[in-house]
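> There's a structure below that I have some questions on.
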């Protein structure tokens, strides 16, 4: 915090600065201040007015003069009897010096603002001894003082001072082009209560009169002593001392303890026998904290009249108002009508006695309850048979000791008091003792034994949140407990336990959950002829598709697939090298069952799958899985008959030529049997024109079927027709193919 910001700049013990500091410093000294040791006023040239600028030089170079372009200090001697002042060399006179102002003598106190009921008188002083001049400081402190005067109470027939100020405007002030009867109004904002607000008796409108209330007017009807002074509320105690905090007790004794207060209560009932006002009872002057209310809701209405003046305070001319707050008889009243149950209350004190009446409507019984407080000297038991409850019949008695503030190490406990009836020493509600001063609590020390060191206490582990898997955990309670001397414990903050906090959470049942094997469809055979393999996905998963623990043996994920043997070229491999493509034809004995992975295709996984030239690799299972979408599209195009008849004829021609040189594959008949249908007219085709320059016609079309495995339904594999491609020009590949064909030929011969 910056406490220096709260310092009063006008109250300090600093020494006052000289009005003309140059009086204490010559021009030579000021040159040394500006340029250093040895410098003095320049004498190489004479200036017309040395107070315009201060020129300085050093004795070692007296003709080299320098300046900071500033004049000498005010008060510097510039000539015999003359001094510099604001850049001029002049004779000093008192009228040009700065002069602080000082207060003159106080005037006498003026007249009091009121003749009774606490007024204010003032005295003033002027800042003219002397007046501030030439930038001098003005006077510090208030220019006026006031004192309270005529603090005695006004006569009973004297009216409310605020009410009197509002009434003065009745014949003059027009509001909304109409004159009104103006009543006093207390603003809800405490800062506005020293400004004059008045309420219209006719309309209830509240109007600001654009002026402050007279000095001495009470700030609030809830405070009988604080008054307004020049628009501000001045706190005054009940001892009539400004700034005093002394207050009245509940029955008006300044600084009292309610010991002289009496509570008067009664319920009064009557059955109306005639029309007009029915008198119920009277409340004496001096009553405070008055409460009048109907016992039951009725159609009757309350009326209140000032006993001294005969003026109605409430329900004048048989007029029943709505719930409201109003001011009358110098006090604030609150009237409420809640579902035909009326209530009137005021803090008081009542300057005059009042009469409570009822305006009957119907023959229902009238039942009123009233309660008020009054000083015992003002109590007058008259013919109304007022019932009184003596507060001295009750007393405050020790009820119990409070709980000790500390469980160990020395604490405190205090007495707790309850209200007790003296007659039978029975504890009653504390409201019966509200007028009796409550004794001060007694304090005593307790729990002086030393405190033991707090320890960690853990509870039992709760069941695991999961029975299996990777997310199970269990928890337990961990508390810092301090043992007490009475074999009990209390929980304290964890910072008081010295050791490391025990574990409150740990993993559990972190093992795989029971699962089942999930099997996918078999893939296509890995080869287009001969023996190959097929695979399928086999996963151990739970119902939530999470890896689990399968107790059964894992089903096979790979199996052998047998296709017709691949054809062999028995011609001299040294002469020609051919790339042979096997094409399938449907077998009428076995309906075609397409094996496709379209149902499981998730789309191509590479942008190169769209290249048509790579479609030849679709028969490879790995490539087909990578480019399933494109391969399925090319397969559909082939199955829909995109192959033209010209290509078929061309292949037939080549087939006839090759049949004369190549041995037929195993399982494919070389001659027509009696039961097999005749072959197409391929044998009648003209000789083939296949050459090395036209390898695209070096193909053969031979029907075959897949030999099924044991205990399986026979099925056909459709191998899509490949596009013709050129013979490889790689010499090493040609040598390997020739060597393989040679070995096959030798094996066949043997």
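Heads up, the Cβ atoms here are built off N, Cα and C, so glycines get one too.
Pulled these features from TrEMBL for this protein:
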- 4, 7: Ca(2+) 1 binding site (BINDING)
- 31-56: disulfide bond (DISULFID)
- 42-65: disulfide bond (DISULFID)
- 51-84: disulfide bond (DISULFID)
- 78-89: disulfide bond (DISULFID)
- 112-149: disulfide bond (DISULFID)
- 116-154: disulfide bond (DISULFID)
- 127-139: disulfide bond (DISULFID)
- 597-635: domain 'PLAC' (DOMAIN)
- 663-697: region 'Disordered' (REGION)
> Filter the disulfide-bonded residues 31, 51, 84, 127 down to the ones within 10 angstroms of residue 78 (disulfide bond), Cα to Cα, kept in sequence order.
51, 84
> Pick out which of the disulfide-bonded residues 84, 89 has the most other Cβ atoms within 10 Å of its own Cβ.
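That would be 84, with the highest Cβ count within 10 Å.
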> Around residue 149 (disulfide bond), how many other CB atoms lie within 10 A of its CB?
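I count 17 other Cβ atoms within 10 Å of it.
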> Going by C-alpha distance, which of the recorded positions 4, 42, 56, 84 is nearest to residue 112 (disulfide bond)?
4
> Which one of the disulfide-bonded residues (56, 65) has its C-beta surrounded by the most other C-beta atoms within 10 angstroms?
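Counting every other Cβ within 10 Å of each candidate, the maximum falls on 56.
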> Long-range neighbours only, meaning 6 or more apart in sequence with Cβ under 8 Å: which ones does residue 139 (disulfide bond) have?
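Those within reach of residue 139 (disulfide bond), by Cβ under 8 Å and sequence separation of 6 or more, are 101, 102, 103, 127, 132.
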> What are the helix, strand and coil residue counts for the domain 'PLAC' (597-635) according to DSSP?
29 helix, 0 strand, 10 coil
> Using only C-alpha positions, which one of 84, 149, 154 is spatially nearest residue 31 (disulfide bond)? These are the disulfide-bonded residues in the record.
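Ranked by Cα distance from residue 31 (disulfide bond), first place goes to 84.
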> So which one is it: of the disulfide-bonded residues 42, 127, which has the fewest other Cβ atoms within 10 Å?
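Sparsest of the disulfide-bonded residues 42, 127 by Cβ contacts within 10 Å: 127.
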> Would you report the average pLDDT that the model assigns to the domain 'PLAC' (597-635)?
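Averaged over the domain 'PLAC' (597-635), per-residue pLDDT gives 80.
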> Taking DSSP as the reference, which of helix, strand or coil describes residue 51 (disulfide bond)?
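DSSP assigns residue 51 (disulfide bond) to coil.
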> Within 10 Å of each Cβ, count the other Cβ atoms, then let me know which of the disulfide-bonded residues 51, 78, 116 comes out lowest.
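Least crowded of the disulfide-bonded residues 51, 78, 116, by Cβ count within 10 Å, is 116.
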